[in-house]
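Below is one structure; the comments refer to it alone.
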Amino acid sequence: MVQNAWLIPLFPLVAYLLLFVLGRRAQEGIVTAISVLAALAGFIVSLLILSDVHANGASAPYVFHWLTVGQNTLSMGFEVTPLNAMMLTVVTFISTLVLLFSKGYLHGDARYSVFYQYLNLFIFSMLGLVISPNLLQVYIFWELVGLCSFLLVGFWYFKPEAAAAAKKAFIVTRIGDVGLFIGIVLIYVATGTFEYSGVFEAFEAKKFAIDWITPDHFITLVAILMFIGAMGKSAQFPLHTWLPDAMEGPTPVSALIHAATMVAAGVYLVARAFPIFEASPDALTVIGIIGGITAIFAALIGLTQNDIKRVVAYSTVSQLGYMVMALGVSAYAASTFHLMTHAFFKALLFLAAGSVIHAIHHNQDIRFMGGLWKKLPLTGWTFLIGALALSGIPPFAGFWSKDEILLGALKSGNTTLFVLGLIAAFCTAFYIFRVFFMTFTGEFRGEKEVYEHAHESGSVMTIPLVLLSIMAIVAGLLNSPLTDHAFEHFIFGGGEEIGKVYDTEWWLAGLATVVALAGIGLSYLMYKSKSINPEALANGPLRPFYQLSLNKFYVDELYHVAIVKPVVWIGHILNFIDKWVVDGIVHLFGEGTYIGSLGLKYSQNGQVQTYGLVTLIGALLLIGAAMYAVGGVK
Amino acid sequence: MFSGLAITGQTVAFFVIALFVIACGVMLLSMKKVIYMALSIGGVFIGCAAVYLMLEAEFLAFIQVLLYAGAITIMMLFAIMLTKHDEIEKPEPITAHPVWAAIGAAGFGLVILWVVKFSGIKWPQATPDSPFQGQDNVKLIGEALFNQYVIPFELVSVVLIVALVGAITLANKEEKN
Amino acid sequence: MLSVEQFLTLGAILFCIGLFGALTKRNIIIVLVSIELMLNAVNINLLTFARFGLMPSINGQIFTLFTMTIAAAELAVGLAVLISLYRNRNTSDVRDQDLMKW
Amino acid sequence: MMGNLLTLIVFLPLLGALILGFVPRSNDSQPKAVAMIATLLPLLFAGILYANFDSGQTGMQFTESHDWIHIAHAFQDKSLVIGYSLGVDGLSMPFLLLTAVVTFLGVLATKHMHRAKEFYIWYLILVTGLYGCFLSLDLFLFFLFLEMTLVPMYFLIGIWGGDRKGQVATKFLIYRGLASVGILVAFVALAYKAAMVTGVMTMDMIAITDAFAKAPADVITSSFKQGIFLVLFLAILIEEAFFPFHTWLPDTHEQAPTSISMVVGGVLMKIGAYVLFRIGVGILPDAVQYFATLIAVIGVINIVYAALVAMVQRDWRRLLAFSAISHMGVVLLGVAAMNQAGLQGGVFMTISSGLLSGLLFFLIGAIKERTGTTIIGALGGLSKPMPILAGFLLVAALGSLGLPGMSGFISEILAFMGAFKAFPVLSAVGTLGIILAAVYLLWAMQRTTYGPTTAQLEGLPDARAVEYVPMVVLVALIILIGVYPSILGDLVNHTISSYVTRIGG
């Protein structure tokens, strides 16, 4: 079965080409049918492969020749490992549901078919990224998913904010991508190959064809460069700013790309290339710190945001921070496990949020929501499940995976990271329930008419919610003591352990649960029972902090002043130099010649005899000069 | 300069002719009336024809008389008649131009004289026997012209035709309007 | 015995007279005449080498013949231009023909 | 047939120009038809050549060689031999195909012109010059064809250009004329030195290459090679519009008509790169190696400088011109690396930049035709009235900023794979260009096709049927190279390998 893994990305590619040929006026039903069927077929093949891998372990990569460079060959191909079999399944599963959900969400949009084209292209690229057997191919699809993200964020091109957000998403991730680019090119220069296997061997042997740096430093350098790529894609601090803005895109896009799949690609890359990172303790420390900072930073911002999608987006950033932190403390299994569970419950949260937004006519501000439980019970339930999973309440998925990460952080001896993670967990529970209470309980604060018309969407939108809810509940059990850590065994492919694995500490699980419950409780007090007035807090003692959080710690503004403006200014200065100095010198020659000629033209008096005389004397002088040159008159 | 030059009939004739030619040339420069200038050039042409004879180019000497002394001089005279022929060059304030022209021309002449006389070039020894001895000059020219130089000859004839047509057109143009 | 030198000297003197005339005379006809003078000087040189040169041959005479032909053509066109000019501008002074100045 | 195919390719356009001379002036469609045939036939022949090309071979193929000018004792005892010789190898084949495609599409892209007949006559002469440059195996012949591109360009800009056409045409002529001087000096010096080895002053490239390859060090000293290379390199900097000799390019693109912009950006500008590969790397590899750092520094300066300047341009065409300069900086960086990946990346980038420039200038021309402007600020929301054009513009911009799956990416990564080996730090600075390319292209895209549509842009027509041909062909080629780079890589691989082995590295 494994040798047929190439079919999985092929399905969406074929779907994309079909839709492209059908054109933008294809019927919605046909478009949806093609897309969903393709994704479903991919999902089924993925499941078969998953079981195959579960039984037989990883396979060698299948590669074919792509380009010859002198004696070296660059190849493309595919491979199946436990990690990417898991990813394939998750991606195709969520893709199927999101494609289905979009039928309701995008219904009636003039560019409905285009939307599905882009989504299919994205799914193809994401799957291609996952099954890549070498870093070059990873980079290719890495950029392609970025492109699709750009296209989909800017799908409503006529909205200036959407256009700006799309551009920002592409450029900020590209800054990271350049890090990755340099990283893989350096790896190629040093090892002569892009293939994972060859690269890992070289890194283990620490033998590199590079002389300007010691092998150890080289490993650290490359690891950090590659991690910069991951930072961009997985929205790690300080390259996180694009992800919340990317919420300008349609909500299904946010669910698929900016929650479940693409943003996890950074984590996936670090996990897939873990031997590179493992070889450099310094790089791992950096990764852990960045992950920890991101987790707490995004969680703090999430506390005060009012846009329902942005809160969920910041929670995504925060959770990605968790995964990265886990990798930084070598908790490989925990990280990949959290990657999977997070994909389920975050997609769920986004789709539920989308369902809410769809029901109340594309309003996203939670200050103008409330009391929607009565109107949207199913959405309410599923959102609650997602929120519980995110908060880490047992037995929901998030509990098991987050607990593993905290355990890893604690056991690695890095107490700071552990404490950061714990605080972030508290914040997470608080803000997601803040959203829940403000959206579903109390009185509706928007226009009455909207509330009257709000109703649960059709089955195309609710079925995905239900399915994801189920996964959000049960997925966590896969790596619990109850199933004897089945996921861990699977992800290690029956071979030796990657990273570090620890036995469950029940006291820690209890502590995490208590912290999460505390967050929920505080949220309940503030937004449900109203026994604490949040306004008073925000305007009172916590005002500076509230402002900081509300304005996202002014990171965007800082970037604008410190990077964007100076670069544009440099551009203007250089343009000025180009126009007036470089081209100015050129024009100076031109003008100088012209002015000189203006004076010289008076020597042209039109008298043929004068010309003749001048020629004669000139000739004589030349003869004299020639005679002088050959040694004078003998 | 002329040391070692035996005084023979030939040399005497040469010097007489040369003096005549140069004198006519100087007259050309110094005459005031245009018509005299044109006449003195006739003298130069005839003198040149004599020089050609001394150089054993009988045919060319003949052509020279026919073409230059005959046709061209007459054509000049016609041209002068058609323009302001009685015009006398007015004396002008002396400018630097003629002075420089004189210096230039003299300088150029000196250079050539230097090359001819003092540069130490070994000129080929003059042979008393003519290289064309016993051969008919006209026949020689004719053979060369119609064998070796037939293409240049044809081209020259084309040039002449074009010049003829061109000259007529140029001179005619005004009368139509 | 006359040799190359004498004829060349004569040619040089004639040439210089022609040159001076061409550069200083005001009447266009005379300028043309001066140029003819220079051509004649050249012809003398050609014939000199045809007779006294290292490899005496008839070629020099042929060249002279061509020179004469071209000179005749030149003069014909020159005089035609002159007539035309005179008709248009009523002058035959070289110094008045300065349309090509700046 | 095969024997004379190259001559046919080179001179068919010229024949077309000759035929155009007999077409009545008033007719508008006939000149275009003639021009189309006169560029389509070479395209077909180039296709035939490509089909019969043996990419496993390093030498010249389909060669034609005739003695042309032979002057005995031209230099002391050495005779000067100039031949009419044409041929293609793995290096010139891509350039030949590029020329064939872009020049044909350039005719298609030409809209109604005043004085159409003269336009096409000049255009076809230009095309012959371009073909000749890439196919000549003789330095003299090459130079002749190079000059043949110069004069038509002067008139094409000077007559059919924008409001500053006179000034720009002159600027173009002077700049490229200067470059020609440098090239001529270098060529003569090369031939002269080669004569010291072979005994015959031949202008034949192959003979000179061989002579230089096996000349003992005391006959052709390394300082002499370095001197020639400096002169040649200076000429290439001008020819290729590198900082600080680049200012003719933005002006030219701004003022030239669309099809001419396509040909300039697509082919004409690439002659400099071709000379760099063929003469610089091919004949003087040790000099290139000697100046590698200098070349790399200039390359990096170009990448970053041009990208920064492009960022603040107001006119699409100027922006694209600077973008092309920035891309060609990558070529210099790749060449400076003097290894397989770098050189191959350089060739890839040259071809890719040619295709992308052709496409982008075509699209901007199409937009200008509809909206009457290329000022970025005056456009906006074009996706609504013309989704097809906007879509293609997006594809072209993405290709230009190096998106994988298109030709720009594989070129960039190959060049950097080579460059990082030789100059890690400089290359790292050069990668800034990758970010900046995204910044300025997406910024311009955002302002042009995204956002609300202004009232006067509402209802403008989208792409016409005939406009699909250039767009689809160019995009197809760009994607083909991006997805399956072997199609280009296999062509150049062996030739580049033979260069690399000559360096011994």
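Every residue, even glycine, has its Cβ placed from backbone N, Cα and C.
Note that the structure is predicted; figures quoted are calculated from it, not measured.
Among the features that TrEMBL reports, transmembrane segment is placed at A:30-50, A:83-102, A:114-133, A:139-158, A:170-190, A:210-232, A:253-271, A:311-333, A:378-397, A:417-437, A:506-527, A:611-631 (among others). Taken from TrEMBL, the feature domain 'NADH-Ubiquinone oxidoreductase (complex I) chain 5 N-terminal' covers A:66-116. Taken from TrEMBL, the feature domain 'NADH:quinone oxidoreductase/Mrp antiporter transmembrane' applies to A:132-426.
Mean pLDDT, taken over the domain 'NADH-Ubiquinone oxidoreductase (complex I) chain 5 N-terminal' (A:66-116), works out to 88 on the 0 to 100 scale. The list of residues near the transmembrane segment (A:417-437) in space but at least 6 beyond its ends in sequence, with Cβ under 8 angstroms from a Cβ of it, reads 288-289, 291-293, 295-296, 299-300, 302-303, 305, 308, 311-312, 314-315, 318-319, 321-322, 325, 328-329, 349, 366, 383-384, 387, 390-392, 402, 405-406, 409-410, 511-512, 515-520, 522-524, 526-528. Taking Cβ pairs closer than 8 Å, the transmembrane segment (A:253-271) reaches residues 83-84, 87, 90-91, 94-95, 98, 101, 119, 122, 126, 129-130, 138, 142, 145-146, 148-149, 152-153, 155, 176, 180, 226-227, 229-236, 243, 246-247, 277, 287, 309, 312-313, 316, 320, 323-324, 327, 332, 335-336, 339, 342-344, 346-347, 349-351, 354 in its own chain, all 6 or more past its ends. Nonlocal intrachain contacts for the transmembrane segment (A:30-50), taken as residues 6+ away from its ends with a CB within less than 8 angstroms of a stretch CB, comprise 1-2, 4-5, 7-9, 11-12, 14-15, 18-19, 22, 80, 85-86, 88-89, 91-93, 95-96, 99-100, 102-103, 112-113, 116, 119-120, 123, 127. Counting Cβ pairs under 8 Å to the transmembrane segment (A:506-527), the top-ranked stretch among A:311-333, A:378-397, A:611-631 is A:378-397.
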